[in-house]
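Novice: Heads up, here are the entries from Swiss-Prot:
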DOMAIN    24-122  domain 'Gnk2-homologous 1'
DOMAIN    128-241  domain 'Gnk2-homologous 2'
CARBOHYD  34  N-linked glycosylation site
CARBOHYD  102  N-linked glycosylation site
CARBOHYD  119  N-linked glycosylation site
CARBOHYD  247  N-linked glycosylation site
SIGNAL    1-23  signal peptide
């Protein structure tokens, strides 16, 4: 396992709406505007949406030669419709161009797609930083002991499913899972986790488990949230999102609390 932690200037840009979480993260040096690296970046980002959809939702490539070589990986979550995948990638690349005007490394991981580029090859590297939690600060409004038990079990189950190596699936469909659990009679927890497919199963599991722990340190008890890292991502909420739950059967609501009748003398 190769673990890299980057202590570099980081520029984070966040956008949160009711059903969308987007984070553009830019770091690790600068390039000259209108120089060769800039032209390479614009060239590959401009056509990325069509290439991802044409390659079954996953695409990786390089462009140029050192010192202006660029490495890129992009994907949509399994099952995303081509039009939605293309729109997500296009919005992501536009956001990177705006938010990272001359940074040599950047990534963005909205709900149903991700884009990551660098001037250094990162395939298979366990790069954990920069990372960022995003959450709704409103309190969950239920008993935290009950919530923690259900949420922890759901996250553990989802991570186990995602981190298994799915040899029968295409490369871009590895390391992904979405699942649900009943919280109350009227509330359901929705979770989605994903890693990029270039890392090992063990590294994927490590990243997701570490991300869950870090998320709980900052955001325990909040209504919904996400935690983004360069090669793994978690999100949960109390409503379905990203089209990830269309084929998942909702669980039965928990049984009502039973009341023990009084004992008569």
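Counting starts with 1 at the first residue shown.
Cβ coordinates are placed from backbone N, Cα and C, and glycine is handled just like the others.
Values in this document were obtained by computation on a predicted structure and should not be read as measured data.
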Novice: Averaged over the domain 'Gnk2-homologous 1' (24-122), what pLDDT does the prediction give?
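Specialist: Mean model confidence (pLDDT) across the domain 'Gnk2-homologous 1' (24-122) is 94.
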Novice: Say you check the Cα of residue 119 (N-linked glycosylation site) against those of the glycosylation sites 34, 102, 247; which is nearest?
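Specialist: Comparing Cα positions, the candidate nearest residue 119 (N-linked glycosylation site) turns out to be 102.
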Novice: Distance check, please: Cα of residue 247 (N-linked glycosylation site) against Cα of residue 34 (N-linked glycosylation site), rounded to an integer number of angstrom.
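Specialist: Here the two Cα atoms lie 46 Å apart.
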Novice: What's the number of neighbouring CB atoms sitting within 10 A of the CB on residue 119 (N-linked glycosylation site)?
Specialist: 20
Novice: Do you know the DSSP helix, strand and coil residue counts for the domain 'Gnk2-homologous 1' (24-122)?
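Specialist: Tallying H, G and I as helix, E and B as strand, the rest coil: 36 helix, 32 strand, 31 coil.
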Novice: Using the alpha carbons only, what distance in Å do you get between residue 102 (N-linked glycosylation site) and residue 34 (N-linked glycosylation site) once rounded?
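Specialist: Given the Cα positions, residue 102 (N-linked glycosylation site) is 9 Å from residue 34 (N-linked glycosylation site).
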Novice: Within 10 Å of its Cβ, which one of these glycosylation sites (34, 102, 247) has the largest number of other Cβ atoms?
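Specialist: Compared across 34, 102, 247, the most Cβ atoms within 10 Å surround 102.
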Novice: Taking DSSP as the reference, which of helix, strand or coil describes residue 247 (N-linked glycosylation site)?
Specialist: coil
Novice: For a three-state summary based on DSSP, what are the helix, strand and coil counts in the domain 'Gnk2-homologous 2' (128-241)?
Specialist: 42 helix, 31 strand, 41 coil
